[in-house]
Amino acid sequence: MEAVGVAPAPVAAAVKKKLLDLKDPFPTAAAENGAKASPAGKWAMKKKLVGGDAGYVLEDVPHLTDYLPELPTFPNPLQDNPAYSVVKQYFVNPDDTVTQKIVVHKTSARGTHFRRAGPRQRVYFQSDEVNAAIVTCGGLCPGLNTVVRELVCGLYDMYGVTSVVGIEGGYKGFYSKNTIPLTPKSVNDIHKRGGTILGTSRGGHDTAKIVDCLQDRGINQVYIIGGDGTQKGASVIYEEVRRRGLKCSVVGVPKTIDNDIAVIDKSFGFDTAVEEAQRAINAAHVEAESAENGIGVVKLMGRNSGFIAMYATLASRDVDCCLIPESPFYLEGKGGLLEFIERRLKDNGHMVIVVAEGAGQDLIAKSMNFVDTQDASGNKLLLDVGLWLSQKIKDHFKKKPNFPITLKYIDPTYMIRAVKSNASDNVYCTLLAHSALHGAMAGYTGFTVAPVNGRHAYIPFYRITEKQNKVVITDRMWARVLCSTNQPCFLSHEDVENMKHDDDHEHHLHNTQLLEGDSSPKCNGLAAAV
């Protein structure tokens with residue numbers, strides 16, 4: 001859906017038919033996986049912004065011909081594929097784009113667009129010249145095996161590619177382990193398993209060694225499946241590949257159980273995780289309901305973003321309080337969490353609390369004089385908010401001998417990501433894999449693929465790594481949670497107004513940077529609404 005309107009004259013003038021080629025904000029991206037700085041220098045992930053009428057801006061992705069202009073093209077073998085013979089239109093229109101924002105006013109500028117994903121009429125690789133590699137990095141997520149399977153089967157069945165290998169053990173596997181051959185037969189049933197058959201790890205990113213491996217093994221398509229830090233690492237690999245002038249497409253498939261990757265609609269595995277979380281919430285509800293003043297506390301994943309906790313709460317309808325990293329809370333005093341728990345127990349006789357793992361970390365650290373430490377990916381190590389909160393609740397009610405409670409703490413943190421993907425995620429992973437390989441065959445590189453407003457698009461790496469997606473607690477979705485649980489928001493009016501101001505300021509700053517060519521990641525406010 002395109003919104004065609006009349007942009008304000010200064011906006012239209014600033015972007016009309018303008019091509020910007022600007023440096024990316026991550027010239028030395030030391031990624032989630034401990035990426036070393038690349039010597040890429042001037043090749044540091046450049047923005048390709050194409051302006052048009054009525055405030056239209058296409059944030060395009062790199063192409064092999066940007067630095068190898070003489071590459072030949074070939075007919076897309078899909079045109080002879082019997083499976084596609086009934087399709088009315090084999091190929092995506094080369095001018096098709098996907099708009100980032102679909103809710104507009106009649107005078108709105110057309111705004112930011114991304115290149116639509118899908119097969120192209122001409123490809124830049126012949127089937128027998130492709131040597132593809134697939135790697136999975138970072139934490140586990142339902143659907144990893146499905147993405148691997150569909151990349152392999154898609155390359156074989158749609159494009160006739162027969163040389164596909166898997167890199168074992170994450171980024172360090174490029175230079176510390178042997179590759180394993182992948183065929184449709186060897187990956188036939190891996191989507192029925194959790195985890196990843198390739199193994200994964202954090203850390204181990206050494207750009208020069210990784211690209212040396214690609215060069216030595218003749219790999220000319222590499223598919224990197226991982227979270228925002230992994231995609232930063234992929235961006236650095238692309239920079240080095242381009243610096244060396246290699247004909248090699250570097251493609252990212254975004255993965256995060258927390259659903260915290262910006263721009264995209266959602267990450268794969270999220271639906272499965274929310275569904276699996278229901279089992280823990282239901283168990284907590286049964287335990288709480290069966291005891292006098294029963295309390296069930298469930299801790300779910302959500303390091304910096306509380307999407308799993310929020311959606312699991314809405315899906316369950318049995319939750320009395322949902323605590324997420326984006327929404328501060330306090331324990332003691334009037335309007336605090338402990339007062340609310342006491343009131344809810346008096347009213348209902350039981351309650352269920354869902355807490356995201358990243359919630360209340362400042363409160364815990366302050367009470368324990370804790371010093372921040374990090375894991376191999378550079379992520380802040382979290383304290384166990386579930387155990388801490390459970391103990392605080394017990395301590396509070398110990399002071400009230402006439403108010404006995406029974407508290408059960410359930411921690412399914414890693415269980416919800418270790419399961420196989422459900423039907424919805426299996427379909428989604430298939431579409432992601434196909435969109436990724438269509439882009440690589442068409443010569444696009446330095447991009448990640450995901451749906452934006454329901455349409456799959458090719459998105460520059462910098463757009464999904466510049467910030468994390470977070471729950472906007474001034475948005476209607478969080479209001480729906482509060483209505484469902486009937487919990488207080490634990491925020492003052494001043495807190496809410498400040499958050500609204502931060503959100504508006506970030507939106508304005510991004511637009512200003514886009515028009516003026518400033519790619520610095522200066523935004524620290526709340527992310528765009530869900």
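Using N, Cα and C of the backbone, Cβ positions are placed for all residues, glycine too.
Per TrEMBL, the feature active site, proton acceptor maps to Asp258. According to TrEMBL, the ATP binding site annotation covers Gly139, Arg202, Gly203, Gly227, Asp228, Gly229, Thr230. Here TrEMBL flags Asp228 as Mg(2+) binding site. Feature annotation from TrEMBL assigns substrate binding site to Thr256, Ile257, Asp258, Met301, Gly302, Arg303, Glu357, Tyr414, Met415, Ile416, Arg417. For 132-438, the entry in TrEMBL reads domain 'Phosphofructokinase'. Residues annotated as site 'Important for substrate specificity' in TrEMBL: Gly229.
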10 Å Cβ neighbour count around Gly229 (ATP binding site)? 24
Between all pairs in Thr256, Ile257, Asp258, Met301, Gly302, Arg303, Glu357, Tyr414, Met415, Ile416, Arg417 (listed as substrate binders), what's the biggest Cα distance, rounded to the nearest Å? 16
At a 10 Å cut-off from the C-beta of Gly203 (ATP binding site), count the other C-beta atoms across all protein chains. 18
Met415 (substrate binding site) versus Arg202 (ATP binding site) - Cα distance in angstrom: 19
Compared by Cα position, which of the binding-site residues Gly139, Gly203, Asp228, Gly229 is the closest one to Glu357 (substrate binding site)? Gly139
Met415 (substrate binding site) to Gly139 (ATP binding site) - Cα separation in whole Å: 13
Rounded mean pLDDT for the residues that make up the domain 'Phosphofructokinase' (132-438): 94
Cα distance, Asp228 (ATP binding site) to Asp258 (active site, proton acceptor), nearest Å? 11
Fill in the CA-CA distance, Thr230 (ATP binding site) to Gly302 (substrate binding site), as an integer in Å. 18
If I take the alpha carbons of Gly139 (ATP binding site) and Gly302 (substrate binding site), what is the distance between them in whole Å? 13
Gly227 (ATP binding site) and Thr256 (substrate binding site), compared by Cα position, are separated in whole Å by 5
On the Cα atoms of Gly139, Arg202, Gly203, Gly227, Asp228, Gly229, Thr230, which are listed as binding ATP, what is the maximum pairwise distance in Å? 14
Among Thr230, Thr256, all listed as binding-site residues, which has the most CB atoms within 10 Å of its CB? Thr230
Given the binding-site residues Thr256, Gly302, Arg417, find the one whose Cα is closest in space to the Cα of Gly203 (ATP binding site). Thr256
Counting other Cβ atoms within 10 Å of each residue's Cβ, which of the binding-site residues Gly139, Gly227, Gly302 comes out lowest? Gly139
Integer Å value for the Cα distance linking Arg417 (substrate binding site) with Gly229 (ATP binding site) is 18
